Amino acid sequence: MASGAGKWSAEQIDDYEALISTTDVELLKRAWRNEKASPEILPFEEALLKRAKEQIQLMEETVDDFAESGHDPLIASLYQMDLDRAQFLLRSYLRVRLQKIEKFMFHIWKMDTYRNRLSIEEEKFTERCIRDIGKHLEETVLSKLPDNYQSVLKQSIISEEDDMVPEPQLDTFVVAKCERATKPLYLDGSRQSASFDRMTTFKWCLEIYAFCVTGPFKRN
């Protein structure tokens with residue numbers, strides 16, 4: 001009985017160490033941070049989330065096995081803490097994206113660039129939101145207004161643009177960290193960079209935290 005329990009514990013520990021040795025949890029944390037910091041919705045990390053869900057399922061099975069076997073409660077609680085952390089990151093990542101979709105649904109839907117960043121489920125959710133919101137506004141407000149003001153997207157029919165559609169503010173400041181040496185960053189249209197040579201720029205960028213505006217910058 002004891003030898004069987006010891007063999008089982010070793011196998012479980014090997015599985016767990018193999019799980020922790022991967023970087024998917026850290027990648028999920030990075031994706032979550034980027035999504036929270038970015039004013040616009042970012043591309044959906046489909047492959048990463050698929051792996052994260054598989055790892056969470058394995059961690060859940062490991063915690064359940066430890067609980068049923070009467071293993072050391074301290075070790076089981078440590079495993080549970082890692083499981084809770086991974087579940088929080090996954091749920092928070094998805095929740096942040098849903099909040100952006102609810103806020104900018106019309107803008108996302110009319111821009112192919114943003115629509116292509118959604119998962120299949122998010123795309124269906126966006127379509128349903130637009131349909132439900134449009135129906136609700138039509139029944140409660142728009143149908144009671146003059147014909148010139150019954151658009152969900154425009155203030156009136158003479159408006160040339162969809163001036164009733166909220167858009168993400170790309171000129172807001174965010175905190176950015178350079179993970180690796182990069183090429184110089186330029187302001188759109190100006191083609192001007194700081195007065196650093198290539199090597200100095202690399203040293204200046206690496207591991208630096210900085211406040212920057214998300215919209216005007218692009219990678220050379």
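Backbone N, Cα and C atoms are what each Cβ position is placed from, and that goes for glycine too.
Feature annotation from TrEMBL assigns coiled coil to 42-69.
Under the heading domain 'GINS subunit', TrEMBL lists 58-130.
In the predicted model, the coiled coil (42-69) has a mean pLDDT of 88. Taken residue by residue, the domain 'GINS subunit' (58-130) breaks down under DSSP into 65 helix, 0 strand, 8 coil.
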